[in-house]
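K.L.:
According to TrEMBL, the protein has these features:
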- 147-161: compositional bias 'Low complexity' (COMPBIAS)
- 180-191: compositional bias 'Acidic residues' (COMPBIAS)
- 195-247: domain 'PHD-type' (DOMAIN)
- 142-191: region 'Disordered' (REGION)
Amino acid sequence: MEGRGTRSVEEIFEDFKSRRAGIIKALTTDVEDFYRQCDPEKENLCLYGLLNEKWEVNLPVEEVPPELPEPVLGINFARDGMQEKDWLSLVAVHSDTWLLSLAFYFGARFSFDKTDRKRLFNLINELPTVFEIVTGAAKKQVKEKSSVSNNSGSKSKSSSKARAPETQSRLPKAALQPKDEEEGLEEHEDDEHGEAMCGACGDSNGADEFWICCDICEKWFHGKCVKITPARAEHIKQYKCPSCSSNKRAR
């Protein structure tokens, strides 16, 4: 991978996924073999994720400074001094650190700009971390998200959608419901904003920010992207996004 002059965001992400897959195998399906190879009697050992989705436990490279970021040293020394699950969790969180540092090392080396770096991070952030997989937190999050989705789905049917593109949905959460209802819908709000994309900037981030929905095309927008404040939204009976407004003028 390191031999060519440039790499795309997608290629760096594939590199990340392959190395990550190898490390996950070492800490889950191949854990007995991994545990055996991490002999505390040996010298400083590192866990490497490889591009073929395999892994190896080996000594660090002798080159100083190394050409690429190196994994944490000495994972074998802590093996017998901790509970196995705690030791594996420790290796997992250090492996996450290494994978991120390696991905953004390539990003810097291949002159990624702000947009490329953000896209790379967003791709990586869609995946659960190695730590979340090893500790079981990833499965718990999927179950909780499914539960919230099911509950909020039934709520939306009986209350004409918690975030339907009506006047009340354009208001900040604090103004939408009384306090006793607000807490009940908070998980649904955050989950929906986490998946929605702004029709102006294309970004899905900003669950805690003010959003507004176009009553014509039903797309969601960050208030700041379309220059609408919560106070101004209170006085708008029917909101039309810039695109829908310009289409009407054209007709």
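Keep in mind that glycine also has a Cβ here, set from the backbone N, Cα and C atoms.
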K.L.:
Where does the mean pLDDT land for the domain 'PHD-type' (195-247)?
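P.N.:
Taking every residue in the domain 'PHD-type' (195-247) and averaging pLDDT yields 83.
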K.L.:
Tally the residues of the domain 'PHD-type' (195-247) by DSSP class, grouping H, G and I as helix, E and B as strand, and everything else as coil.
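P.N.:
Per DSSP, the residues of the domain 'PHD-type' (195-247) fall into 11 helix, 6 strand, 36 coil.
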